[in-house]
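Enquirer: Sharing a structure here in structure tokens format.
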Amino acid sequence: MRQKVVFPGTFDPLTSGHFDLINRASILFDEVILAVAASPGKRPLFSLEERLALAKEVCQSLPNVTITGFSNLLIDFMKEQQATILLRGIRTGSDFEYESQLAAMYRRMMPEMEIIFLPPAEQYAFVSSTLVREIALHGGDAGQFVTPNVAEAIKAKQLQLAQS
């Protein structure tokens, strides 16, 4: 049986830390589904379509990674994908605490689910989409925390926001 893992997130924007986890997951699993959440309640900087396009570009060198958007309950999405393994990145103790609570809830709703927590490589342990957005929204250069295509998209978004 092929091992399939779902790595969900808003990915607004996709960071170098995310890519590190995706790349490592692509080595560990036969198939990785990067599930980009619509998350309208979070008021994302990039639209779902933009986030999907950026993720596809970032992951183009990984043939066993599929990028897809979703707006339903993660449990339902996983069932649609016939996946029972969930990958979550954890950077800090507070991430672990929050993710452990989510894991307990997910397991209650889908008992056959396995949840894997994967810490980032050390150089990405402090990188988060929230911090990258904050840098970008204040006119800073977040390029060292994202891939070149995402850095260009952030610069374009900065110009767009400055003109509005």
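Residue numbers in this text run from 1 along the chain shown.
Cβ atoms here come from the backbone N, Cα and C positions, even for glycine.
Predicted, not measured: the structure shown is a model, and the values here were computed from it.
Pasting the feature list from Swiss-Prot:
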BINDING   Thr10, Phe11, His18, Gly89, Ile90, Arg91, Glu99, Tyr124, Ala125, Phe126, Val127, Ser128, Ser129, Thr130  ATP binding site
BINDING   Thr10, Lys42, Leu74, Arg88  substrate binding site
SITE      His18  site 'Transition state stabilizer'
Enquirer: Quick one: what's DSSP say for Val127 (ATP binding site), helix, strand or coil?
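Expert: For Val127 (ATP binding site) - judged by DSSP and reduced to three states - the answer is coil.
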Enquirer: For each of His18, Lys42, Leu74, Arg88, Glu99, count the other CB atoms within 10 A of its CB; which of these binding-site residues has the top count?
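Expert: Max Cβ neighbours within 10 Å, all protein chains included: His18.
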Enquirer: List the residues of the same chain that sit at least 6 positions away from Val127 (ATP binding site) in sequence and have their Cβ under 8 Å from its Cβ, in sequence order, or write 'none'.
Expert: Thr15, Ser16, Gly17, Arg91, Pro120, Phe145
Enquirer: Using DSSP, would you call Thr10 (ATP binding site) helix, strand or coil?
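Expert: Once the DSSP labels are grouped into three classes, Thr10 (ATP binding site) ends up as coil.
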Enquirer: Find, among the binding-site residues listed as Thr10, Ser129, the one whose Cβ has the highest number of other Cβ atoms within 10 Å in the structure shown.
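Expert: It comes out as Ser129.
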Enquirer: Determine the C-alpha span of the ATP site listed in the record, that is the greatest distance between any two of Thr10, Phe11, His18, Gly89, Ile90, Arg91, Glu99, Tyr124, Ala125, Phe126, Val127, Ser128, Ser129, Thr130, in Å to the nearest whole number.
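Expert: The ATP-binding residues span at most 18 Å between Cα atoms.
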Enquirer: From the Cα of Ile90 (ATP binding site) across to the Cα of Leu74 (substrate binding site), what is the distance in angstrom?
Expert: 18
Enquirer: Among the binding-site residues Ile90, Ala125, point out the residue whose Cβ has the most other Cβ atoms within 10 Å, with all shown protein chains included in the count.
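Expert: Checking each of Ile90, Ala125, the winner is Ile90.
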Enquirer: When you put Lys42 (substrate binding site) at the centre and draw a 10 Å sphere around its Cα, which of the binding-site residues Thr10, His18, Glu99, Ala125 have their Cα inside it?
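Expert: Within 10 Å of Lys42 (substrate binding site): Thr10.
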